[in-house]
Amino acid sequence: MDAYNNPSAVESGDAAVKSVDDDGREKRTGTFWTASAHIITAVIGSGVLSLAWAIAQLGWVAGTTVLVAFAIITYYTSTLLADCYRSPDSITGTRNYNYMGVVRSYLGGKKVQLCGVAQYVNLVGVTIGYTITASISLVAIGKSNCYHDKGHKAKCSVSNYPYMAAFGIVQIILSQLPNFHKLSFLSIIAAVMSFSYASIGIGLAIATVASGKIGKTELTGTVIGVDVTASEKVWKLFQAIGDIAFSYAFTTILIEIQDTLRSSPPENKVMKRASLVGVSTTTVFYILCGCIGYAAFGNQAPGDFLTDFGFYEPYWLIDFANACIALHLIGAYQVYAQPFFQFVEENCNKKWPQSNFINKEYSSKVPLLGKCRVNLFRLVWRTCYVVLTTFVAMIFPFFNAILGLLGAFAFWPLTVYFPVAMHIAQAKVKKYSRRWLALNLLVLVCLIVSALAAVGSIIGLINSVKSYKPFKNLD
């Protein structure tokens, strides 16, 4: 009996059509809210608590100016990139599933390989950095309890390696989530955690200011000859500008986030709104944490006023804030790892399409979770990746200094150059027109910022290597 005479067959056919998008892939269900959660999870990292240090290097005027300037730059370039998700038309064109795909559609050539190297090296570096940062936050909980029991002058030495291993085990489990589309719940939890610890940090800083026990501040930040030497002032100023610029960057995963959105309303419009909310929310927290933290600690602001013990009491609240940091980084790790997982798996699928080990999906029932899909290659490869990144984090606990350098190299091409170049190609901006000149001036200024930040990061890395002692407990 044909479908014409079989209503149930027609209905099942309609259901099959409705369950897929215009590109034949599983129907996307992402919304403005899930995209906003992904962005906030990616952007508001524990680095928000180090912004008081950055403001201390720059001072009140330059510090707040740089914060606002890079918020505007990041939002603007993210809107340009959002319009490139589909090509050639931003609403009806063909979908591009990742950043490399977008660059391939608009620019092509060697720029595709440059994009891939910058993006995926940065993503891998971030996951290693998050492993280290999460362990530092968990160590801080143990040290906070020690200081509470034995006094603030007590020697409280705690190893961060067991915490790194525990973080790695959690990531092995979460890494079995098949793709970015399944991360919404994790990003929402992580976003709530980021609001929690940032709010606690702001509250503690306000309490310190209200108590009158505040540090000395200056319009121009740290004072040469008092707080720092002339050379230290220069290097730390470069590093602070870089830290602020990189703290806004989420374009490395913007296309992957946009690829989770349902097609109506148009993805680019939803992504622009989500970017505005994400960047605006981030900027408010950054200014509050940076400026109030600087007001509280002055030119002696610590690198992180929770894990570096800018505060000791109430210890239970500081413990809770550090636990929130660790929980946030659990989700953030996946937000940055999933695009790299998919990149490797898609390339393996293309290279060995007949391999059951790589391509076959098995259905399995897991207690409390229900029916889950298991792929042997995904299980083995992602487990190996997490084990490797955890091992690197253990060997190089100063990797965050390396991460600053990676951020310097990735910020300019991924956040500024490629979005601007693709916008010029898409909108056919006339060469040497006012708009073309303004866009290229923006590219040049951000290139200089990245270069200066890279120099500052290299100096910091050299100092870290000099004092490096492998497998040493954190004092």
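Each Cβ is built from the backbone N, Cα and C atoms, and glycine gets one as well.
Given the structure is predicted, the values throughout are model-derived calculations rather than measurements.
Sequence annotations record features per position, and here Swiss-Prot assigns topological domain 'Cytoplasmic' to 1-31, 74-120, 179-185, 258-276, 336-378, 425-441. Annotation comment: Swiss-Prot describes 1-22 as region 'Disordered'. The transmembrane segment annotation in Swiss-Prot covers 32-52, 53-73, 121-141, 158-178, 186-206, 237-257, 277-297, 315-335, 379-398, 402-424, 442-462 and rests on sequence analysis. The topological domain 'Extracellular' annotation in Swiss-Prot covers 142-157, 207-236, 298-314, 463-475, and the record cites sequence analysis as its basis.
Long-range Cβ contacts of the topological domain 'Extracellular' (207-236) within its own chain (Cβ-Cβ under 8 Å, at least 6 residues beyond either end) map to 55-63, 292, 294-301, 311, 455-456, 459-460.
The average per-residue pLDDT of the prediction over the topological domain 'Cytoplasmic' (425-441) is 95, rounded to a whole number. Spatially, the transmembrane segment (402-424) is not adjacent to the transmembrane segment (315-335); fewer than three Cβ-Cβ distances between them are under 8 Å for residues at least 6 apart in sequence. If you look at the transmembrane segment (442-462) against the transmembrane segment (237-257), you find at least three C-beta pairs under 8 angstroms, all six or more positions apart, and that counts as contact. Where the transmembrane segment (379-398) meets the stretches 121-141, 158-178, 277-297, 315-335, the count of C-beta pairs under 8 angstroms peaks at 158-178. Most Cβ pairs under 8 Å with the transmembrane segment (53-73) belong to 277-297, among the candidate stretches 121-141, 158-178, 277-297, 315-335.
Note: the stretches the transmembrane segment (158-178) and the transmembrane segment (121-141) are in contact (3+ CB pairs below 8 A, sequence gap of 6 or more). Comparison of 32-52, 121-141, 277-297 by number of C-beta pairs under 8 angstroms to the transmembrane segment (315-335) places 121-141 first. Secondary structure by DSSP for the topological domain 'Cytoplasmic' (425-441): 11 helix, 0 strand, 6 coil. Sequence-distant contacts of the topological domain 'Cytoplasmic' (179-185), counting only residues of its own chain at least 6 positions beyond either end whose CB sits under 8 Å from a CB of the stretch, comprise 26, 28-30, 34, 37-38, 256-257, 259-260, 331, 334-335, 338-339, 342. Within the chain carrying the topological domain 'Cytoplasmic' (425-441), a Cβ under 8 angstroms from the stretch's Cβ atoms is held by residues 83-84, 87-88, 90, 106-107, all 6 or more beyond its ends.
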